[in-house]
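The transmembrane segment annotation in TrEMBL covers B:44-67, B:73-97, B:118-143, B:149-170, B:190-209, B:247-269, B:332-350, B:370-389, B:401-423, B:435-454, B:475-502, B:508-528.
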Amino acid sequence: MAQEPDGTPPRADRGAPLPYYGTAGGSGQAQGGAGAPDGGPVPAVRVRGLWKRFGEQAAVAGIELDLPAGRFIGLVGPNGAGKTTTLSMVTGLLRPDDGLVQINGHDVWADPVAVKSRIGVLPEGLRLFERLSGRELLAYTGRLRGLPGAEVDKRTGQLLDVLDLTAAQHKLVVDYSTGMRKKIGLAAALLHNPEVLFLDEPFEGVDPVSAQVIRGVLERYTAGGGTVVFSSHVMELVESLCDWVAVMAAGRIVARGPLAEVRGEAPTLQDAFLSLVGADRRTGQDLDWLGGGSR
Amino acid sequence: MTAAAPPSVSPPATGSAGGSVTGVFVRLKLSLMRNGLRQSRGRTVGWCIGVGLTMLYALANGAGMIALRGNHYAPAVSVTVAVVLGVGWAVMPLFFFGGDDTLDPTRLAMLPLRPRPLLTALLTSSLVGVGPLFTLLLAAGAVTAVAHGPAAVVVSALSVALLLVLCVALSRAIAAANTRLLTSRRGRDLALLSGLFVAVGAQLVNLGLSSLSGTDGLHRATSAASVLRWIPPATAVDAVRSTGRGAYGLAAVQLAVTVAATALVLRWWHRSLFRLMVSPDASTIAAAPEASGGRDRSAGRSPLGLRLPSGRTGTVMQRQFRYMWRDPRAKAALATGLAVGLLLPLVAVVQHGTVYQCLWAAGLLGIQMYNQFGLDGSAFWTVMATIADRRDAEAELRGRALAIAVIAVPYVTVVTTGAAVLLGQADALAETLGLSFAFTGALVATGGFASVRYPYAVPRDNPFSNAAPGQSGLVMINVFGGTLTGAALCLPVLGPVVALHLTGHHGLLWLALPVGALYGAALAALALRFTAPRLLDRLPEILATVRK
């Protein structure tokens, strides 16, 4: 989408002050260059001092994070760790109380024109326009993104085909199964060829066949240079898919880095994760009757 | 659970096993009622008040029926009560299916139960509750009004019992026969639309009542009753009257008809239950692929899409039109606006009123612009993720406003012209239309602003609630603030029209039409332009409100 960033009103005037906006200068291009820890170029996602409180409880308590571009990144953590809240704030769906978020150097809240065309989102717990058929939904989303109609229709056909939704393309999304909804949501997120793709629990409740299809599409996308950030609490999945992980617990990042680094000495990511979030395995000593032949 | 007999091959003996199953079901029903009340204090209080009012109504009705004893119209009234009870029980599953878990027999499909004891158990547990008690009181009142003599009193007891069983069994049978429909998405959509049918039905009943209030109205009611008394739940009540008159043969026939109807209903229920318990569950059916390729109506773009403006505005309009047809809430809101907008001018025509009643049509269609994003629900995030600058925001608002205008302008024109011609007030047509367009524009203008500034969530699961808990204040702001501001914004057109009337310049009143139309369009366009940056600014706040 080639839209000039004119007329965008300053958006930092609401709620708590966002201290980083002063230095970011509003243009969004003010990255220091030395922000990435691995010395690479501009990080795909840069988060500084991100806070969100719901009442007394801090759902996200001061996150500092740089996600490298072109990687398959897993954001893992137990339920309630703040993954969805973080992803919502990073993608501009939820206004943070405090903090800075940049996507490829563009500030999410100060420069929405630059950011919204560069990211694709598959949120969790938010509906789609379900009374549209799968094909209509993609046509609608693509045109809202400002893509030319013919291009939208071409990409729609290809995405439906690759995601195995062609047979259901004229069915209303409200009648889709969970796996089909995730796939059509992924198609809608990919339609404008974003630079960074944010997926919140993309494999939750998805059958193995659909999961494999989604996986294939995501691997193709990262092979072409795209960055995938997805949240999950299924460690085996993260371990097999991701080359970079960030572990969240209680609203904070407790570990980050390449998969092997985070896993460290532990035999699996699952073990590393359990010790990181401080949960040890419980044994079912009281259920000694369970599994026996007698009732 | 006592009913969980070992899964042996032999069927459980109907007598003893059926009895214990019945006990379990009655206890289950009581626990469900108790647990429903335990959820919150407010709910308990509300339930108690509702039950109190229901019982008061039933008792008052019973007292009225007793007072009618010996009246010429008593038989007509009592058979009508019986028929209304029967119809009420028949349509109830449509409204309360989602609310009553015990109505859905597929929940019991995994339990080792045979249809016949299950039938007894479900019937018995259905007789527990406020509804059956209410029915019992009304039926008792109905038979009291017509029971004369000891024989009739004996028949009364039998007839009340038959009526109650027939009503409850009918309700259950209809629920069981339509479980597939009612648990499917289409069924839930239908339930959402049912409010509209009830509203239209109420208007028809209203018209019928007003025609009955004429001089020969009650005679017509009596002749209707002579048909009604042969419709099953009423046959039981009329049997009491027949007994009281000494027509024992007739009474026997009427009772036999009732028993036969009950037996038929029970048999139908039994068959539906059996089919439900042995065939796969509805959710699997729904997930199975439909006859794919059969529906190609929307391949590419719809015929509507061809004439729509290009860019975001046209895209938004197309989705709005699809939602008006496919989303039961949007459909119900629009259909109500269209129906009432036609009904009130019609009333004006019938009562020789004024063509100004047609302003209702404009008002009811204009308010469709209110709470635009609340109707989107959490799907609003798609809109939000694609609005990057002020132009996107304005195109979004303009698309929604145009979708309403495309319907409202021709509809208001046709209704107003028709009413003006039928009323013989064609000379007032131009000013009425001008005011209508100004009013529509004003409501679109204020509605767009209110949608951005005061949105509220519309709950998805409850068809009879229009705002999420704690947001009813916002609804008030929308309804009262919106209509008052909308009316005030019409003053620049209304004032001159009144002035021209007062000063006797009737020849200039036609000017109201072009002025009103231009004013309405300009007001709406300006307001949307003014609202667009506010929409851009408030996107996360709107999403946080409407996703509830």
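Keep in mind that glycine also has a Cβ here, set from the backbone N, Cα and C atoms.
When Cβ-Cβ distances under 8 Å to the transmembrane segment (B:73-97) are tallied for each of B:118-143, B:247-269, B:370-389, the top count falls to B:118-143. Counting residues 6+ beyond its ends, the transmembrane segment (B:118-143) has Cβ neighbours under 8 Å at 18, 21-22, 24-26, 28-30, 33, 51, 54-55, 57-59, 61-66, 77-79, 81-82, 85, 89, 92, 102, 105, 108, 156, 159-160, 163-165, 167-169, 171-172, 237, 240, 266, 269-270, 273, 277 in the same chain. Of the ranges B:332-350, B:401-423, B:508-528, the one with the most Cβ pairs under 8 Å to the transmembrane segment (B:435-454) is B:508-528. Pairs of Cβ atoms less than 8 Å apart link the transmembrane segment (B:401-423) most often to B:332-350, out of B:44-67, B:332-350, B:370-389, B:475-502.
If you look at the transmembrane segment (B:370-389), the same-chain residues 6 or more away from its ends with a CB under 8 A from one of its CBs are 323, 327, 329-330, 333, 396, 400, 443, 447-448, 450-452, 455-458, 460, 478, 482, 535-536, 539-540, 542-543, 545-547.
Long-range Cβ contacts of the transmembrane segment (B:475-502) within its own chain (Cβ-Cβ under 8 Å, at least 6 residues beyond either end) map to 363, 366-367, 370-371, 431, 434-435, 438-439, 442-443, 445-447, 450, 454, 456, 466-467, 508-509, 512, 515-516, 519, 523.
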